[in-house]
Each structure stands twice: as C-alpha cells, then as structure tokens.
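Here the structure is laid out as structure tokens; the discussion comes afterwards.
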Amino acid sequence: MKSVQFCFLFCCWRAICCRSCELTNITITVEKEECGFCISINTTWCAGYCYTRDLVYRDPARPNIQKTCTYKELVYETVKVPGCAHHADSLYTYPVATECQCGKCDGDSTDCTVRGLGPSYCSFSESRE
C-alpha cells in the first residue's frame, strides 16, 4: 500500500514541479500585408503548468485564483521578410520571452482567450518557410 501512495505522490509532484511555467521553443507564423504572404519564425515563449483555482460559487472571502504561464521579461527581435516588393517595409518585429512566471494574463499585450487564432494562423493563401 505504501508503494501505491508513494507512486501517487511522486506523480503529483512531477506534474506540478516538472511541468511548471518555463521557456519553450515555438514556431510562429508572421505576415506583412505589404508582402502578401506569411513566413515561419522560431522564437521562445512561455508554457507550462500554473496553479489555478476556480470556485463553483462566488465567495468574497476566497477570490478565484486564475494564473497563467506568461512572460516576466521580453526582448524584441526584428527579421527581414524576404521577397517583399522594394517599396514595402520588409521588417517584422516580434517578442521573445527571456523569463517566465505564473501570473495574471495581461489582455493589453497577450491573447488571453481560451481559443485564440494560434501561432500558425495565416490570413493569406501563401505561406513560406
């Protein structure tokens, strides 16, 4: 019986501690209207588990804790989009996370929706690597 309890506790610890909010490599699709196509860029962003609590009922003494894995520090990098017309602005600036934290999602700078467009969304029919 103790081995079953140990296994359960170990799995819980692993799920919480080892899948915590951390930097991860992702590929995003970026587009420039002036260029008429999308390109894929590798960048770093935050992903993982954050403790959250959503009560079934409202209790002013115990507010809901809704934390998400989000950036603590950002830098911006710029890439030249190849193949744009000569008169078009071919530079694209995108965020790169350098440090992560579990915190409140800032809707002013982050897509906090349950189902956003996703990192591979492209509004043009043509996509280039």
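Each residue, glycine too, has its Cβ placed from N, Cα and C.
Between Cys69 and the candidates Cys21, Cys35, Cys105, Cys112, Swiss-Prot records the disulphide bond with Cys21. Bond annotation: of Cys38, Cys46, Cys50, only Cys50 is listed by Swiss-Prot as forming a disulfide with Cys102.
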